[in-house]
Amino acid sequence: MNIWNLAIRIIFLSQTTTGILGNFSLLFYYLVLYCREHTLKHTNFILTHLMSANALIILSIAVPQTMAVWGFKHFVNDFGCVFLLYIQGFARNVSIGATCLLSVFQALTISSRKSCWKDNKAKTTKCIHCSVSLLWVFYMLIRFIFLMNIFMKTNSQNMTRNRDFGYCSTVGWDEIINSLYTALVMCPEIFFAVLITWSSASMIVILYRHKQSVQHIRSSHGSRRSSPESTATQNILVLVSTFLAFYTLSTILRGCIAFLYNHSWWLVYISRITSLCFPCFGPFVLMRHHSVLSIFNLVWLRKILPDLFLTVHNIRLSILFKL
């Protein structure tokens, strides 16, 4: 084993471990927050689905890829390989769509104090829920088309397997499927990327103008604390910028692999590592805004445990009365 293979193994293992801890910690936090308050803010609702999609990406890509680089080659059968590709596909698309929705929503929210997003909260909630549901359903159906195509070709005896992922291998696509993929997957991704870029630029301009307008107020009162809305916008802006950086780099590397017939193995691994950076490290961008002590102390100890003890106590009393 040379030093480069060891480095690749350690990187994949670190990404997988970090991604699982980060995404499931935030999902647990939002779940407890929903149980405590019986509702979620619009941004937290979108982030819940974003973390869910990222968790699926890690479980379907990072985990089997980590096992493959550590020596477990082609341990997934044909059906499992097709199913993993299906999960990877729609989870990645939902992650991109949810990031776009989060960025656009925050940009529209801070664009005007009398924004329609603030005036009609019920309509806003319905619109966001419908948009998120549409993302999941649309990409599940779209990816099902490619799943059935791959599954039918996999059962054919005359097809050669020219897509090797390390943990499994499957057949490639023909020209018709490639055209459908471009129209149904790549074009929406490009559109989402443009929307993310526009909304991010808008948020930067709005935050700069807001900073300029309140600078004299802060200096006169001697306070440097930012408003909660500005802090939330800055956190979302950092998250979206992180996504754009890794998504752009990953797209460039995947394009190089597609056009270069004699590409080296390290280019493939770097492309896979880059594509996993945002799902793995994105949650930690958001965790800067949340304290671990406040999450578990305030929510869990003050709300969940007393309710749990009360329920157990009532059950014990009911059993004693029956006896």
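Even glycines carry a Cβ here, placed using N, Cα and C.
Where the annotation comes from TrEMBL, it is an automatic prediction and has not been curated.
Database features, via TrEMBL:
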- 22-286: domain 'G-protein coupled receptors family 1 profile' (DOMAIN)
- 6-32: transmembrane segment (TRANSMEM)
- 44-63: transmembrane segment (TRANSMEM)
- 83-108: transmembrane segment (TRANSMEM)
- 128-152: transmembrane segment (TRANSMEM)
- 190-208: transmembrane segment (TRANSMEM)
- 236-260: transmembrane segment (TRANSMEM)
- 266-286: transmembrane segment (TRANSMEM)
* Asked: Is it the case that the transmembrane segment (83-108) and the transmembrane segment (6-32) have 3 or more CB pairs under 8 Å, with pairs at least 6 apart in sequence?
  -> no
* To do: May I ask whether the transmembrane segment (128-152) has at least three C-beta pairs under 8 Å with the transmembrane segment (6-32), counting pairs 6 or more apart in sequence?
  => no
* **Same-chain residue ranges lying at least 6 outside the transmembrane segment (266-286) that approach it to Cβ under 8 Å** => 4, 8, 11-12, 15-16, 18-19, 22-23, 25-26, 47, 50-51, 54-55, 57-58, 61-62, 65, 69, 95, 235, 238-239, 242-243, 246-247, 249-250, 253-254, 256-257, 260
